[in-house]
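Enquirer: Have a look at the structure that comes next, please.
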Amino acid sequence: MKTKTDFLKMKEQGEPITMLTAYDYPSAKLAEEAEVDMILVGDSLGMVVLGYDSTVPVTVEDMIHHTKAVRRGAKETFIVTDMPFMSYHVSLQETMVNARRIVQESGAHALKVEGAGEVISTIQYLTNAGIPVVAHLGLTPQSVGVLGGYKVQGKDAESAKKLIEDAKKCEEAGAIALVLECVPMQLAELISEQLTIPTIGIGAGQKVDGQVLVYHDLISYGVNRVPKFVKQYTSVQEEIVRGISQYVTEVKTRQFPEEKHSFTMKEEECLSLYGGKQ
């Protein structure tokens, strides 16, 4: 399994880091078989798997439950788990309780938190306690209401400079990596050059140290539309619908199950069951 040290070496050597979300045992198992470097159990599971309109309703219990499943499916892959909405915008003591629960109960190797400002002290607090933290700047979905929707961040010089400052503060606080979401590629490149920790981009262009995508977006599974920054490498959705539709048809027309899908009794047992009459 790759570790924080390996990711730093990959950045130094110019080897891109691959990260993919996973929310359950089978998706994690497939991600590990495909040799993904990191798995992110994102609170995006609230929208992708649980059907919420945002990530806000996701709880600490949800993150623990799903991370445990992912851990069972990917025993040899570095796993990062999101701290959900409001689980770290409380006192540092309460934050530690939530962080400890996620790490101890789920087996996550690192936690991800969004934003800067007061979150910088949270990163430092968790790091000092021995919990690796991945920072997340740019478009931060938990704060989408404050940001005015799902919009590109850092498009003007002033806000870009603020993001650069925040990125440096995250590194100084002890973050082991930084996710940059929906920022101009020029800004992402500049931040990547000024940090020693790896940057993982999602909608941040090519000049970052790694990329992350949502599992379901990548394979077109259960999604109606995807953001501009997503490339769909395959489409399993059409095949799944086709297979289920065929199942429905065959049941309705009594083509399924066939004899080969059924179990039988020995002839003498049948005779006994039916009282000698068949």
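All positions are counted from 1 along the displayed chain.
Note that Cβ sites are derived from N, Cα and C of the backbone, with glycine treated the same way.
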Enquirer: Given that Swiss-Prot annotates D43, E114 as Mg(2+)-binding, name the residue from D6, D82, D156 that shares the site.
Expert: D82
Enquirer: At the Cα level, what's the spacing in Å between E114 (Mg(2+) binding site) and D82 (3-methyl-2-oxobutanoate binding site), rounded?
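Expert: Cα-Cα distance, E114 (Mg(2+) binding site) to D82 (3-methyl-2-oxobutanoate binding site): 9 Å.
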Enquirer: How many Å separate the Cα atoms of S44 (3-methyl-2-oxobutanoate binding site) and E181 (active site, proton acceptor)?
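Expert: Computed Cα spacing between S44 (3-methyl-2-oxobutanoate binding site) and E181 (active site, proton acceptor) is 13 Å.
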Enquirer: Excluding near sequence neighbours, so keeping only residues 6 or more apart in the same chain, what lies with its CB under 8 A of E181 (active site, proton acceptor)?
Expert: H136, L137, G138, L139, T140, P141, Q153, G201, I202, G203, A204
Enquirer: If one looks at the chain holding D82 (3-methyl-2-oxobutanoate binding site), which residues at least 6 apart in sequence have a CB under 8 angstroms from its CB?
Expert: L40, V41, G42, D43, S44, V58, M63, L111, K112, V113
Enquirer: For S44 (3-methyl-2-oxobutanoate binding site), which DSSP three-state class applies?
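Expert: DSSP assigns S44 (3-methyl-2-oxobutanoate binding site) to coil.
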